[in-house]
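Feature annotations, courtesy of TrEMBL:
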- 1-21: compositional bias 'Polar residues' (COMPBIAS)
- 1-42: region 'Disordered' (REGION)
- 32-42: compositional bias 'Gly residues' (COMPBIAS)
- 71-90: transmembrane segment (TRANSMEM)
- 110-129: transmembrane segment (TRANSMEM)
- 158-178: transmembrane segment (TRANSMEM)
- 193-216: transmembrane segment (TRANSMEM)
- 265-282: transmembrane segment (TRANSMEM)
- 302-320: transmembrane segment (TRANSMEM)
- 408-425: transmembrane segment (TRANSMEM)
- 431-452: transmembrane segment (TRANSMEM)
Amino acid sequence: MESQQQQSPAVETPLLLNSNQDHQDRPSPEIDGGGGGGGGEGVNDDLDRTLEWLETFLTLLGFNQSSKQSLVLSWIVFLSIGLVLPVTVLELGHCLGCERYQYKSFELNIVVSQALLAGVSLLCVSHNLRKHGIRKFLFVDQLSGRMDRLKAQYIQQILNSVRLLAVWSLPCFALKGVREIIRMYYVPHDQPWLSVAILLSMILSWTYLSTIFLAASAMFHLVCNLQVIHFEDYAKLLEGESEISLFIYEHMRLRHYLSKISHRFRIFLLLQFLVVTASQFTTLFQTTAYSGRITYINGGDFAVSAVVQVVGIILCLHAATKISHRAQAIASVASRWHAMMSCSSTDSTQIRASPSGVHLEATTNPPISFPISRSDSDVESMDHYMRMPVTNQFPSYMSMSSYHKRQAFVLYLQMNPGGITIFGWTVDRHLINTIFFIELSLVTFVLGKTVVFGTE
């Protein structure tokens, strides 16, 4: 019992320590408080500054609703800029004889769909941030006592997510700006300042709503990619010879974090899919049932808003499927590790005996490294060499006991794959294929109702 209590600090952080490093030289997670050693203070400061910068950015978008004042202010700004401003501009800027260049029904549909998506994003993400805070929201606190290498990867992933948001937002903003400028040219008003005011108001409202939606998708993408770091580190743990209980404990911990992520984002993902689907099919109904000519001037916003919605869906689906398949691939890595360990315990020591069975001679084979092929898909990449351990001992009861433990561990991983789920449905390739065929069936149904019957 005492020996188990002495090993408990190591159980908390088995993934963080190198096999050649003394566990007693590192401070415990409770004492360290997220430091990970004196040499990691600079990395900790960088991580804290990065999190503060990210929290400030989310506050500017209205996601930080930690107090009643900030909550009320955030939703007032959202309703004013995202809904009241564009509807007022459409009512004031509407002119008779301009239906060819500005169809009011199209514009209102786009404003409502963008506002709904942004409202769902703002509601779900702000609720999680208010309840958990930025560190627990990103599961940064689980790094307490861990290697500085993981913290550096955390910083890199946060910067990559913000960069990804900028890469997708800027082209959409450019398309929207070009479209509004062209429409201002074809829809003249009595006073030039009114045209400029309408132009700036529509761009401001659309940019605000689209940025909120894409930022929420980028946050989910970031949370999933941060967990990928830990699954990669967990796969590397199988190179060493550790207790099976440590492997099971760490896998249970990783699955627990995935369950938390699924629970926090399941409403957001579900509502996002529903709103995007409803918006796209409303657009399909309106465009196919419209008897006039649809051009980039009167219907260009459909294309721009569709690009934004598809980008947000792709960010979420890519992140969810990536972490799901990375979690499922652990079973394959563990099976390969189990086979190597089992083969090394019997084949690494070859026993030569005379026909009479009197003379025995043991010869040991050199260590063998099995290369794991690098896949082009980062979903399945576990890029490292796994060395086969070599032992000079003959098979015994202890080795057989280890074999059964490894077999039970592999069976446990196969029966508990893990991944991002939405009310029990794992977000992986099978679910994406199902969604694709459902959407394709709905598109065919809508086209049959509008195009075929309209022609008849």
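Using N, Cα and C of the backbone, Cβ positions are placed for all residues, glycine too.
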Which stretch, 71-90, 158-178, 193-216, 302-320, 408-425, tops the Cβ pairs under 8 Å count with the transmembrane segment (110-129)?
193-216
Contact ranking winner - 158-178, 193-216, 265-282, 302-320 against the transmembrane segment (408-425), Cβ under 8 Å:
265-282
Of the stretches 71-90, 193-216, 265-282, 431-452, which racks up the most C-beta pairs under 8 Å with the transmembrane segment (158-178)?
193-216
Could you tell me what the rest of the chain brings near the transmembrane segment (193-216), counting residues at least six beyond its ends with Cβ under 8 Å?
58, 61-63, 78, 81-82, 85-86, 89, 92-93, 111, 114-115, 117-118, 121-122, 124-125, 165, 168-169, 172-173, 176-177, 180-181, 184, 187, 268, 304, 308-309, 311-312, 315
Beyond the flanks of the transmembrane segment (265-282) by 6 or more, those residues with Cβ under 8 Å of it:
109, 113, 116-117, 120-121, 124-125, 128, 216-217, 220, 223, 305-306, 309-310, 312-313, 316, 320, 420-423, 427, 435, 439, 442-443, 446
